[in-house]
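Colleague: Features from TrEMBL:
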type     : residues : note
ACT_SITE : ASP49    : active site
ACT_SITE : CYS52    : active site, nucleophile
ACT_SITE : HIS262   : active site
SITE     : GLU237   : site 'Linear diubiquitin binding'
Amino acid sequence: YKLSVSPEMDIMEYCRKEWRGNTPVAKRMRKGYEAVAQKFASIRRIRGDNYCAFRATLFQALSQTTQLPRWLQSEDFAMLPENLLSKYDWIKQWQLKQKPGKKMGEISDAIKEYLILLREKWKNISEIKDPLEKQEACDKLFKNEEEEYSLYEALKFLMLNTAIELYNADKSGRRVPVFSWLLFARDTSSNPCQLMHNHLNHIGHSGGLEQVEMFLLGYALQYTIQVYRLYKYSTDEFVTLYPNDPEEDWPVVTLITEDDRHYNIPVRMCQETML
């Protein structure tokens, strides 16, 4: 049995355990962790499969949520798969985790179910006032493997929907964020259909999220994902925001990465930081 989010551990203790040597890389990592430890007391390790960016982001978002995001409240939220499938035939090739080769109607029903689950879980956790109780509810959710993976399917589909919106906006001459150009400038994702086939369908199976997809995830959730990129310590990319020009009222979640592939989460903000 694998823990999805392991219990918290002192951040510097974790660092000393992981980075003992005197190589330039180890020294840089220790400096990076020291900088994070100015703001956060502990770290929680995130299970390292190809879903870790989703897992870290969603766990952080849920553990500090106090209200249901606006986009989750919309009437037609659960109709999204049906609406998109009626316009874009190629979405039939969406790969569901553990359910490859589904037919169109089944894909639509399955994703609808995942989206409803996401809304229900988010609503329930956002209504818990006691921080300890909220944390317990999150821990419990991330121990239920089937529900957890269903939520990641929902996030992937929201990313596809956002990508389609951005692509169409750009084609009709409206302003789009810079990352959207980068997303569709790749040979492997010059349009949403290719993005689905070559990237989104593989997330969780044979690969994780690339950096430009972190922008898309933040944009889809309307969250700013702030990442301490430890190997970039002492450069201006040490703390990176996804998206890098977020709306002011978007909530912020914080992650830590040593290599832009695996993400952990810092917890317990130091008192003076909170003030």
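Backbone N, Cα and C atoms are what each Cβ position is placed from, and that goes for glycine too.
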Colleague: Once near-sequence residues are set aside, which residues in the chain of HIS262 (active site), 6 or more away, have Cβ atoms under 8 Å from its Cβ?
Modeller: ILE46, GLY48, CYS52, GLY208
Colleague: Cβ atoms within 10 Å, counted per site: which of ASP49, GLU237 has the most, among these recorded positions?
Modeller: ASP49
Colleague: Rounded to the nearest angstrom, how far is the Cα of GLU237 (site 'Linear diubiquitin binding') from the Cα of ASP49 (active site)?
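Modeller: Rounded to the nearest whole number, the Cα-Cα distance is 25 Å.
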